[in-house]
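A short worksheet on the structure shown next.
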Amino acid sequence: MYKLELNADEVRDIERLLDDVEGEFGALDTEESLKLATLHAQELPRDVRARINAFRLGELDGVLVVSGYRVDQERVGPTPGHWRERPEPSTSRREELLLLMIGSLLGDPFAWGTQQDGRLIHDVLPIAGHENEQLGSSSEALLTWHTEDAFHPLRGDFLLLGCLRNPYGAQTTVGYVDALELPESVRDVLFEPRFGIRPDESHLAKNNSDAEGKAFEDIEEMDRAPEPIAVLFGDRNAPFVRADPYFMDVAEGDDEARSALDAFAKAMDDRMFDVVLGDGDFIVIDNYRVVHGRKPFKARHDGTDRWLKRINITVDLRKSRASRPARDDRAIR
Ligand SMILES: O=C(O)CCC(=O)C(=O)O
Ligand SMILES: [Fe+2]
């Protein structure tokens, strides 16, 4: 993990930049705002930009934590009980803007029409009733490690989380695929398209307000008949990963693929480590090189719970153009 600890000058410069530009933005999830965020990202401190660029190019390892930014807890106010109930206008606009600017140094933010009602900026917080689900909004269940949106060919290249608060130190888990020592025979099988990944539950109709339309039909189809894909791809010696074992299957009778997947999952389980995000920490996860999850914790549901902001970043918006209704619509539908 690469830790970028902002020094006092950098924190001051970032605060000033936010002060100077915040007023130029209307709603943050418009094309206009995203364009502006890309421009203003170039005014972040030089060393911060240099490190994020090195990260983008894969020079650093696949997890970057930027810390030192301070969150005004009073301004942010109580953690909502549901992502639908987040304050409007947002009380954490500055943090959302900083998240978008960091993301803009890596690529372009995009949304899913089938997740959190198509919002660009997600709220990750414990929801009463979801305690034991395989969802970011669970708490008492282990959120098993995964590639973000592993089931989808248009999944993000990078995942960014900005931590507003985490009073009880709930642990995010992270694991590097290139740290795994796998027998050659297992590696061979993992490079073959013999694994199906079903959509995780955040994309299901029941977890969205309005679940009509083609996008949800596509999700249903991916759930019914997931396309066989390879778990490892790219360079044989430093492979990329695409996996979400909780939602994975192999063809009936393909015992070789089943045992390769089990060996892979076991090797990854053994190498996962914890990252506790603190107030004002921003974590960037390379969604091709690293898997992530979250350990169980006890939610309070009293306005003091852990609260993260989340965005997905693609390095090539054009890949999803046919799945977005308009050039300036960032949601895959
Ligand atoms: O809560 C966390 O630390 C991570 C949750 C997660 O998997 C996600 O937000 O994609
Ligand atoms: Fe995730």
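Note: Cβ is positioned from N, Cα and C throughout, glycine not excepted.
Keep in mind the model is a prediction, meaning the values are calculated, not measured.
In TrEMBL this protein carries:
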- His146, Glu148, His292: Fe cation binding site (BINDING)
- Thr172, Arg306, Arg310: 2-oxoglutarate binding site (BINDING)
- 130-311: domain 'TauD/TfdA-like' (DOMAIN)
Among His146, Glu148, His292, i.e. the binding-site residues, the one with its Cα nearest that of Thr172 (2-oxoglutarate binding site) is His292
Mapped DSSP class for Thr172 (2-oxoglutarate binding site), helix or strand or coil
strand
Please list, in sequence order, every residue of the chain apart from His146, Glu148, His292 whose Cβ lies within 8 Å of the Cβ centroid of the Fe cation site.
Trp145, Thr147, Ala150, Leu159, Asp244, Ile285, Asn287, Val291, Gly293
Rounded Cα distance, in Å, between His292 (Fe cation binding site) and Arg306 (2-oxoglutarate binding site) is 17
With the Cβ atom as the reference point and anything under 6 Å counting, tell me which of the binding-site residues (Glu148, Thr172, Arg306, Arg310) are near ligand 2.
Glu148
What's the CA-CA gap between Arg306 (2-oxoglutarate binding site) and Glu148 (Fe cation binding site) in angstrom, rounded?
20
When you look at Thr172, Arg306, Arg310, which the record names as binding 2-oxoglutarate, what is the longest CA to CA distance in angstrom?
13
Taking only the CA atoms, the spacing between His146 (Fe cation binding site) and Arg310 (2-oxoglutarate binding site), expressed in whole angstrom, is 16
Cα-to-Cα gap, Arg310 (2-oxoglutarate binding site) vs Glu148 (Fe cation binding site), nearest whole Å:
11
Take the Cβ of His146 (Fe cation binding site) and count every other Cβ within 10 Å, whichever protein chain it belongs to.
22
Among all protein chains shown, how many Cβ atoms are found within 10 Å of the Cβ of Thr172 (2-oxoglutarate binding site), not counting that one?
23
State the three-class DSSP label for His146 (Fe cation binding site), counting H, G and I as helix, E and B as strand, and everything else as coil.
strand
